[in-house]
Amino acid sequence: MLKINVKKQLGQLALEANLQIPARGVTALFGLSGSGKTSLINLVSGLVHPDEGYISLNERVLVDQSKAVCIPAYQRHIGYVFQDARLFPHYTVKGNLCYGIKKIDLAKFDDIVSLLGIGHLLKRYPITLSGGEKQRVAIGRALLTQPEILLMDEPLSALDLPRKRELMSYLETLSKKIDIPILYVTHSIEELLRLAEYVVLLDEGKVRAFDRLESIWENPLFLPWKLEDEQSAVLSLPILHNNTGYQVTALGLQQQQIWIKAQQAEVGENIRICIKGSDVSLSLTQPEKTSIRNILHGKVKRIVERENRVDVQIEIDEKPIWATISKWALEDLALQLGQPVFAQIKAVSVL
């Protein structure tokens, strides 16, 4: 676990953070440009020193200003992947991967090369690589130092969309395979939804919220990053079973299930989905003889009337789902808080 309790004055920005980052998985630092995201991971890495406070990693103190303790960056056992790959142009890919490592664990080397899909690049030089390939090599180099945590500072920001999505797939696999935490800086909603398990929401140097992604998505502080004309819910649910005949997969709620297109994943593995309010309609009675496969019962939790629509939050097995309806429909159904309803979900997006 990474424990952070620091203060740092950076020009006009007063950075303050008190966090306990989980021991594995991806924790995203999210916020506007200039909110302190990169500065915070630079404090963790040792590239910047705090004015006050301490940082510890797996109970090992990295810095404690009250005791004048400050471990140098190169002794912190931290891997850092920057926005640009920062490869040595005169070394091959293999040379870059092995740079600065006294003794290479060949089995680990092969595993990382295979995981990142860079085996065919080992004899090539950085000038011949695409942006995505360079970043995969940079990630491999960081992992081969056997770090206790991996810091990633917007590693996809310099890539075009196809390369970005290609590398994101590798990062998804990487986050599930390696047994260390990843602290990931981004201001991209797509990256957040695809990669993050936990989110630190930063604004003007302050931690405004820290929670699982699904909870942050519902947090009012996150509203500036969501589409104004649409509500949505993000859920992470386990696979119950796969129906090979119909090519669909069932995800489990407490007492109900949600059907999605077939997934190449094991039973019990969590799948993250997004349900848009515009894809959900409501009924006071259970619909019959309908083509809609996902019909779930729940209770009205919130009613938010807007200028040209009404957003109704339904609690289904303790999970929030939004339905966007008209004011006419609200009056016709006479919806009240706590009222039982059936939610008809027309579409589910897998993230």
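Cβ coordinates are placed from backbone N, Cα and C, and glycine is handled just like the others.
Taken verbatim from Swiss-Prot:
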BINDING   G31, L32, S33, G34, S35, G36, K37, T38  ATP binding site
DOMAIN    1-229  domain 'ABC transporter'
DOMAIN    289-351  domain 'Mop'
Just checking, which of S33, S35, T38 (binding-site residues) has the fewest C-beta atoms within 10 Å of its C-beta? S33
Taken over the domain 'Mop' (289-351), the model's mean pLDDT: 96
How do the residues of the domain 'Mop' (289-351) split into helix, strand and coil according to DSSP? 7 helix, 34 strand, 22 coil
Reduced DSSP assignment, T38 (ATP binding site): helix
Taking the Cβ of G34 (ATP binding site) as the centre, how many other Cβ atoms fall within a 10 Å radius? 16
Which are the residues of the chain, G31, L32, S33, G34, S35, G36, K37, T38 excluded, whose CB is within 8 A of where the CB atoms of the ATP site average out, their centroid? S39, H187, L202
Filtered by Cβ under 8 Å and at least 6 apart in sequence, the residues in the chain of K37 (ATP binding site) near it are L29, F30, G31, D153, V185, H187, L202
